[in-house]
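Here is the structure we will look at, set down as C-alpha cells.
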C-alpha cells in the first residue's frame, strides 16, 4: 500500500506563520508522529510527503532520525490540498494500484487504523475513515437562523486515511481540474463523478490538529499512550 501525506499547508488557525506539521507535540514534530505510525503499519510500503520547498530541509531532518525502513519521498506541494494530492498521485511509483491519503495533521492515527483502511480497498474502489457524529447538527443561514436539523443517525464526521484505486482517483482528479471543481477531500471528487464511497470506522482519538486547543488535547492523548 502506498501512502500520500499532504503537508503543504500553513498553521494560520494555530496562530503560527509556519507549517503546523513542524510544530512540536510531546517532544516531536507533528509530522514525526504521523510517520512513526505509518512506519509501524504492516500494509504501507512507500510514503510520499507533499510539502512546500521552504519546508523540505526541516522535513528531511524529521525523516532522518526515524531511521525509515520504508522509502519516503518529498514531493512538491500545491497551492491547495487538492493540488497537492494531484502532484502526489503523479509521483507514485510505477505499478501503484491503491493509495491511502492521510492528513499529516491527524498525527494520532494508529498503525492499526492504517492497516484496517488498507484492507478495506479489497472490497471497494474508494472509502473514507469516519466516526458517527455525537452532537446534534444544525443547518444555519447566513444571518444565524436555524434552517434545518438533519437526522443525526445518518451523519458521520469524515477523517483520514481515505483510500482509493489509483487509476480511478487520477481520473476523478483530471475531471475536477477540467471542470474547475474545488473540494476539501478526495472522496468528494469520487462523489461528484458518481462513484460510491464506503465508510470505514475511524478512531475517536484521530483528531485533526487545527487550533491550539487541539494541540493540548493531543498532548494529553499521547501522554496516556506513552
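Note that Cβ sites are derived from N, Cα and C of the backbone, with glycine treated the same way.
For 13, 20, the entry in Swiss-Prot reads site 'Transition state stabilizer'. The feature site 'Positions MEP for the nucleophilic attack' is assigned by Swiss-Prot to 152, 208.
DSSP assigns residue 20 (site 'Transition state stabilizer') to a helical segment in the three-state reduction. Taking the recorded sites 20, 152, 208 in turn, the residue surrounded by the fewest other Cβ atoms inside 10 Å of its Cβ turns out to be 152. When secondary structure is read from DSSP and collapsed to three states, residue 208 (site 'Positions MEP for the nucleophilic attack') falls in the coil class.
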